[in-house]
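**Student:** What Swiss-Prot records for GLY335, PRO336, ASN337, THR338, GLY339, GLY340, LYS341, THR342 is ATP binding site. Per Swiss-Prot, domain 'Smr' is recorded for 711-786, and the stated evidence type is sequence analysis.
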Amino acid sequence: MLERTLRVLEYNKVKEQLLEHTASSLGRDKVKHLVPSTDFEEIVEMQDTTDEAAKVIRLKGSAPLGGITDIRSNVKRAKIGSMLSPNELLDIANTMYGSRNMKRFIEDMVDNGVELPILETHVAQIVSLYDLEKKITNCIGDGGEVVDSASDKLRGIRTQIRTAESRIREKLENMTRSSNAQKMLSDSIVTIRNERYVIPVKQEYRGVYGGIVHDQSASGQTLFIEPQVIVELNNALQEARVKEKQEIERILLMLTEEVAVEADIVLSNVEVVANLDFIFAKAFYAKRIKATKPIVNNERYMDLRQARHPLIDPEVIVPNNIMLGKDFTTIVITGPNTGGKTVTLKTVGICVLMAQSGLHIPVMDESEICVFKNIFADIGDEQSIEQSLSTFSSHMVNIVDILEKADFESLVLFDELGAGTDPQEGAALAISILDEVCNRGARVVATTHYPELKAYGYNREQVINASVEFDVNTLSPTYKLLIGVPGRSNAFEISKRLGLSDRVIDQARNHISTDTNKIENMIAKLEESQKNAERDWNEAEALRKQSEKLHRELQRQIIEFNEERDERLLKAQKEGEEKVEAAKKEAEGIIQELRQLRKAQLANVKDHELIEAKSRLEGAAPELVKKQKVNVKNTSPKQQLRAGDEVKVLTFGQKGQLLEKVSDTEWSVQIGILKMKVKESNMEYINTPKQTEKKAVATVKGRDYHVSLELDLRGERFENAMARVEKYLDDAQLASYPRVSIIHGKGTGALRQGVQDYLKKHRGVKTFRYGDMGEGGLGVTVVELK
């Protein structure tokens with residue numbers, strides 16, 4: 001991209017505003033080196049990245065980029081063995097914390113369902129160096145001082161220093177408080193000179209205290225003397241301070257070496273947070289100028305909706321719709337000077353430069369922009385004093401350069417094309433130049449005040465006229481771009497408003513050809529039609545926005561309704577589960593009582609005790625279960641139930657054996673030690689046991705109950721497996737098994753953990769352990785039952 005183009009389109013001013021939104025010198029460095037890209041894929045990714053950061057700002061308001069500094073030179077010095085200062089190490093720790101904090105911030109948003117695929121990829125590159133970070137902050141305080149707790153040795157040395165200082169001060173203060181000292185001292189204070197404690201002694205008493213003179217006052221009347229009695233103490237203090245300095249240097253070298261070990265990771269993290277600072281600066285700038293993400297296409301057309309110049313106050317500037325590249329490839333904006341034509345030209349150019357830099361642009365949603373390999377701009381009066389070139393010559397030098405380089409991947413912007421010379425020749429040159437650039441396939445926006453170019457827009461298929469609206473009532477431009485309508489001078493209307501007589505104006509009209517008058521009238525009608533069409537469009541757009549608002553409100557209400565419904569269902573489900581859980585606990589207690597009855601002696605179990613236990617067990621079923629319909633899967637006409645068949649009683653989820661049919665719809669069923677009547681509709685056929693030698697059986701089933709000593713869960717889904725474990729343990733308890741095995745396999749460990757978590761809470765489990773070598777090892781859990 002030509003440097004001149006960036007300058008005349010004020011690209012650097014946009015960068016200056018962008019700099020204000022960076023959080024660190026790292027981000028500022030990225031902004032300073034920012035230039036527009038010409039790679040389509042890169043531009044799309046940059047726009048998507050800025051959009052993700054803008055989403056974060058919309059949801060969170062900001063991003064935690066504080067505390068990050070440019071530590072790259074410090075880290076490189078650490079790599080070559082230089083000792084870093086406490087503040088330099090603290091900057092490294094703070095930057096490590098900042099990068100770790102930013103990583104956690106983005107990952108938390110992603111975990112909460114916010115889609116940030118690009119930013120997630122960025123923070124995934126950040127490697128946490130928490131241990132090194134804590135080592136530094138444990139050794140260095142917020143003020144940059146090495147703290148006592150940095151090492152036991154340093155703590156001991158500083159204790160010695162404080163003790164020595166206390167003893168010295170105590171001796172000196174005793175000396176200054178004595179009655180004789182008042183006349184010998186200039187002041188009753190203890191001070192420090194050359195890092196040694198001294199007292200201010202009058203010149204004539206210098207020999208009283210002995211010791212060492214370290215300094216004197218400006219008048220020479222006071223000497224700062226270290227009395228002989230504290231010389232040894234001061235010497236000991238100095239020795240301790242030397243040891244302190246050596247220990248601090250050792251600690252700093254140790255920390256520096258640890259930074260050097262992790263230098264590559266630290267530098268990599270710094271590069272990531274520098275990019276994040278840069279990305280979020282673009283997002284904050286987009287918020288500031290009310291910019292949006294454009295749709296980037298590679299089909300060489302743009303559709304800027306309600307485009308604004310980013311450097312002009314959005315409350316002041318008039319937004320415009322600018323289309324180029326589909327129905328026409330060249331826009332010629334005609335009309336008088338000071339009408340806003342140049343602002344429109346610059347708006348097109350700066351929006352393209354910003355979009356190709358990954359910046360959002362000040363337009364409405366759904367605006368589109370294409371990628372140009374080159375952008376050429378001939379804007380403004382840039383006379384070359386050194387080359388003694390006129391305005392026309394200066395422009396022509398630029399135009400010659402443009403004509404040499406422009407092609408079908410170029411955007412060309414001409415301001416006042418052909419100006420600065422004879423109007424007739426200038427208009428002819430402008431037409432030829434436009435033809436040349438258009439024939440090369442470039443996209444062109446040109447401004448001119450030559451009326452000859454109005455006809456140009458009608459005579460060329462890919463060219464369209466445009467103008468900036470002028471309000472004759474206020475005698476000022478409205479800055480509204482009218483595409484398809486050439487500009488008018490409005491000289492007669494302006495003159496009339498300013499008081500020129502109708503007679504003079506009518507005479508002036510007579511000097512203009514009939515064709516010219518017709519053209520002016522036609523243009524006036526076009527302007528009126530354009531205004532009406534735009535008014536209709538604005539009304540339609542307002543209705544569309546209102547419809548979208550209503551649609552969003554309806555969606556919100558639907559979401560709230562669904563959330564409330566789900567919340568109520570969840571609450572009802574939770575209440576149901578609580579009732580079922582309470583029923584299970586009660587049933588377990590009853591089963592335990594029945595087991596105790598059986599252990600007593602089968603002959604001692606009275607009928608009324610069984611009837612009472614049966615009633616209590618049935619009463620333990622929660623209302624939700626009692627009321628729900630039972631889905632019978634097995635009682636098809638082909639399967640006739642017979643005495644001895646094994647069935648599942650659906651109400652209790654327990655296996656039982658049919659004893660005898662007591663009515664057309666009921667059977668007497670043996671469930672563990674209970675015998676009860678159950679309707680066929682409440683049974684599920686399991687199988688018919690093989691005929692074995694019949695034994696005399698009491699009304700209680702013994703250890704020939706059909707429950708396996710092990711439960712194999714391999715291949716089961718987690719939820720199904722947990723349901724089977726629950727049922728199996730109940731069956732095993734009814735069968736009075738002291739020990740059972742649950743085979744869950746090794747796998748990922750999820751099923752094993754789930755089984756053991758359940759066993760911890762089961763009231764019927766005494767203990768459990770992993771299987772021994774011969775029992776299946778970690779793939780099996782052996783359960784001891786109560």
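In case you wondered, yes, glycine gets a Cβ from its N, Cα and C as well.
Since we're looking at a predicted model, the values are computed, not measured.
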**Student:** If one looks at the chain holding GLY340 (ATP binding site), which residues at least 6 apart in sequence have a CB under 8 angstroms from its CB?
**Tutor:** VAL318, VAL468, PRO477, TYR479, LEU481
**Student:** What is the number of residues in the domain 'Smr' (711-786) that are helix, strand and coil, as DSSP sees it?
**Tutor:** 35 helix, 19 strand, 22 coil
**Student:** List every residue in the same chain as LYS341 (ATP binding site), at least 6 positions away in sequence, whose Cβ is under 8 Å from its Cβ.
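**Tutor:** Once residues fewer than 6 apart are set aside, LYS341 (ATP binding site) is near ILE333, GLY335, ASP415, THR447, VAL468.
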**Student:** Neighbour count, 10 Å Cβ-Cβ cut-off, for THR342 (ATP binding site): what number do you get?
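**Tutor:** Other Cβ atoms found within 10 Å: 18.
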**Student:** If you count Cβ atoms within 10 Å of the Cβ of GLY335 (ATP binding site), leaving out that atom itself, what do you get?
**Tutor:** 27
